[in-house]
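The topological domain 'Cytoplasmic' annotation in Swiss-Prot covers 1-51, 534-547, 608-619, 682-701, 752-1093. The region 'Disordered' annotation in Swiss-Prot covers 12-35, 849-881. Taken from Swiss-Prot, the feature transmembrane segment covers 52-72, 513-533, 548-568, 585-607, 620-640, 661-681, 702-722, 731-751, and the record attributes it to sequence analysis. According to Swiss-Prot, the feature topological domain 'Extracellular' maps to 73-512, 569-584, 641-660, 723-730, an assignment based on sequence analysis. Under the heading N-linked glycosylation site, Swiss-Prot lists N94, N236, N462, N476, citing sequence analysis as support. Taken from Swiss-Prot, the feature phosphoserine covers S519. Annotation comment: Swiss-Prot describes 849-867 as compositional bias 'Polar residues'.
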Amino acid sequence: MKCWHNVVRRRRKKPTAAAAAKGSKGSHGGVASPRDEDAICQRQQQVDTYTWLTTQAVPLLWLHLLLLVAFAKHAAAATTIATNPEATTTTVSNYTVTTTALSSSTTTTSSGSAPALSSAADKFAGNWANLEDSFRNIVRIGDGNTVTRTSIEQSLVTIHDIATENLGTLCISTLYRPLQVPINSERYESSRQKTDLAASILQEVGIIRHGGLSDALAKGLLTDDFITGARILALNLTNGAVQSYVWWVKGTAAEIQRYDEDGLQIGKKPAGSYPWFDDETSSPTLRSPKFAPSPPNNYYKGWWTYPYFSCSQSRWLVSYSIAIPPIGRHGLRGFISIDIDVSTLRVNQCEAEPYPFGSRRQKMQQLQTHNRLGARRSLFLGSRMGAIDESTINDLQAFHSSHKCHRTSMVCDYRQPSAETPTVTGGKLLTTLTGSSSWTRGSYQCLCRGGFYSLRHPDGFNGTIMEIAWQEQQDNISNYYSEVFKCLPCAPGCDTCTGPEPCLANYHWPFRISLLTISIGCACGTFVLAGYLFRHRRVKVFKVASPIFLMITLIGCAIMYLEMVAIFPYLDTTWCIATKWTRHMGFCITYTSLLMKTWRVSLTYRVKSAHKIKLNDQQLLQWMVPILLVMLIYLGTWTISATPTAEVILDQSQLKFKQCSYNWWDHSLAIGEVFFLAWGIRVCYNVRNAESLYNEARLISYAIYNIALVNIAMVVFHVMLFPNAGPDYKYMLGFVRTQLSTTTTIALVFGPKILRVFKGQGDKWDQKAKVRSITASFSLNGVGLVPEESPDLYQENEELKEQVQKLAHQIEFMKTVHMQMNNRHLKPKPGGYFTITSTSFQAPYSKNTVSTAQTQTGKDENSTPTKLKSPKGKVXRGQRSVKDCSIEIDGGQGRTTLVEDAIEFNFHLADTEKGLIVQEDERPGSDEEEAALIAQFRRLFAPILDDSLNLYYQLNDLDDTEHVRIHQTVAQMNDLTSSEEETMVTQVNSPSPPPVGVELLLPISSDSSTASSSLYAIHTPSPAHPSGVLLMPQNLESPLLSGSDAITITEQVELHNPPHHLQLLEDENNTSCSLSSNLTDSKTLDGRTPIVV
């Protein structure tokens, strides 16, 4: 189709020439007639059909036959590429592997090649593995032609014989020795086009009509740089005899000479030994075995020969011949042929990238094919295959990758042979005959690849020796090729070596397995401990330590233990990723959980305000999650963007082993962890003096110190002290770091707790913590010493603040009381709660060691029995004191005593006042009611006074000492002076609202040298509070005596006599009973407010 298309295109381009051709009566004036063009296209179509049958149909039949034979014999052995170079292939653009069968183009090769191919087919059929060789046996060169491996090997033998003068009778009997491999004709495309043009001219003009035209055309062809000889023959169409010929050759000095050949004689046929000529009678279409097949998709007017050696010219030549058809039936048939010297080309048997000849579009197509097949080509081509360069322009591409080096262990290196290069037979290369030494078999050196070595031939193996050794192995003469001429593999891990010395560091597997077993056991023990903690999470020793944070700590420790699993095997990318994640994520989880608990203690310990800092587990988890999220995002980004890989490092013996790479991701994370450790150390330093339940804060601080110290120490060991340590030493350092940091943390945090549980003290509170008054704020879970049901912390805080305020008010109240009692240096405040009635200070102790507590109420005219309740309408009740008081009452018949406690309240009447006591005989049961009233008084005031005095004297030891000294001085002064006071006692027996008569006695002077102060009180029953006691203001005007003068009502209360063997300070403390009320509110009691019991 392409031929017909070209014909149509030429007709359109030259309509004038076609018209001239029609009027010339069949003569051709330089333009082919349509009839000739049609004949040419028909002949080309026949040639293409025949080519397809010989190159594709027949090989397909052979392929099916080989498959059937292979499946029938069931071969199991496989011959490797190293021992069978025939199994190699090249897959560049001109070496594309085809799927045609192992067969020759029956008419394209010499008669001797068919038996060789048949024997090769029989050889391959017996082995299934060698079936692949049939696919690799046929290769394609740059211009599209195909060639078999057998043809290549036979051509190499021919080249070797010629190069080593092993010619025999070649140049005597046979002047030409052709090869069986085609040459890439694209390099001589310009020469071919010139020859086609000359053939077209001769065809149009005619050979005999112009005698000088043939000489002119032959000489013109010699102007081409590549053409060294041109010949034009005029042959008889009937018998094929030579009618005339011209043969011009280019001399050594570039002069043109006529060449006379004995094989060409007028009237005789040309000799059949000429490789550039074939008779049309034997080969009508000139598809002779002497000619190489034309490249596909290309139309040539003539045929290229195989390269051949010319003994007469002593050079390697290739010819292009064109048969010129006759003009008529009885005309002459022309024949034109040119010779191109290819002696300057070289036989390069190594892998090389072919030079892309042809047009620009063809070069681009070849480059695209080269890029597309690059991955597959790298499996077969040597390591020296590089980019397309100018050094391959002179290579015979058919011989590429035909070397005999072992493919897996050797690489071919082309060496240009010199004239002095010796051969195996002891001779030298033929340079006088060939004029060049580039046409030599074995012009290469087999060098050991990286990872292989040869002790006998460290510089490589000579290519000629490798060719002979391979041929001997093929002929079963010797096995030196596979046993002697080979490279041995280096020890594992060696890129290059010169011997069998090891390159990888040795791994002591029993030692590593023992450390791994311990680490896995610790990880399993951590999970068991987590289950034990979950089961006993309600035990107080675990509950106060936040079980959720303890569980998180155990999870982090288990992850840190698993790092030993990640660094156990030979490291690669997967294990390096696992190493980074287990190391840093485990550290972050463990360290953060411990730090959060310590931070809670730090914040509570440093607080200076009265506000409660509420830090429960949920809040700490909310602070912990962002820290873990930052680490998670960092490790994820690291893994995706710059995946950690295993890099090779050297130990002190220069042995290699793999270690995970360290880059700026590691350095940045290390800096962040250092700052994190520094913050943890700062927090632990702040709580160094803080007290906590079970001493947990201090143990966690020790654990954090230990983690920081161990990590810093291990960095120093790895980087500074042992930078070239071997893999076992590094694994041991990792084990030590894991055990010192993780196991020690578990022992410090969980060891004391588990020990207490085993001792049966898990549910018992820490007694030392109780003694140190450890509150809930200093507990690591924010609860402290609490029952099972935790109360509201805010309510607890408010109650504590209220108690503190009440105690402060009581202390201030007692200070005022003790300052004003019997202190003559202070002027009493009018209307105060305690008022001294006499300006003369009375001694607290009389001569008979009886002290009198004097109390006087202020005067309040509006004080009535109906206003005897507290302002809030509640009755203020006292609390029973731990230190009870006993009360004695002197009645009319004698002394009535209530002995319930160690301290007594004695109500004595002075001797001078006994006569003024109102008779109570008319009221039955007065003594019992009086005793009940006094008991109520004791229960109200005694406990408050006792607790307040104890607290006051504890806080004011110096003031208490001075107070006792003042009392001693006043007592001595009272011994020298005496005074009398009038005392009146009235008893009101009627509870009814109407006025009841009260019998009053006149005051009688007391015989005692000392008199007590007055405590004014009225004993009046009331409906709400029968037999109640009402403390009235001073100078209270009785409603019974409203018309008379105000009468002062007193009641003397005398405390019991202190023991004589006690010191004065102790006596002073024991004689004090509380007179204050422990009310529900925290306000200071007003002195004028009545208290109802």
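Each residue, glycine too, has its Cβ placed from N, Cα and C.
Overlay of Swiss-Prot feature records on the structure.
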residue : record                      : DSSP (3 states)
N236    : N-linked glycosylation site : strand
N462    : N-linked glycosylation site : strand
N476    : N-linked glycosylation site : coil
S519    : phosphoserine               : helix
(message) Please identify which of N236, N462, S519 has the densest Cβ environment, defined as other Cβ atoms within 10 Å, among these recorded positions.
(response) S519
(request) From the recorded positions N236, N476, S519, pick the residue whose C-alpha lies nearest to the C-alpha of N462 (N-linked glycosylation site). (result) N476
(message) Validating a neighbour-count step here. Other CB atoms within 10 A of the CB of N476 (N-linked glycosylation site): how many?
(response) 7
(request) Please indicate, using numbers and ranges, the residues of the same chain that are 6 or more beyond the topological domain 'Extracellular' (723-730) and have a C-beta under 8 Å from a C-beta there. (result) 505-508, 511-512, 650-653, 655, 657, 659
(request) Round to a whole number and give the Cα-to-Cα distance in Å for the pair S519 (phosphoserine) and N236 (N-linked glycosylation site). (result) 100
(request) Would you mind listing the long-range same-chain contacts of the topological domain 'Extracellular' (569-584), meaning Cβ under 8 Å and 6+ residues beyond its ends? (result) 559-560, 562-563, 631, 635, 638-639, 643-646, 658-661, 669, 673
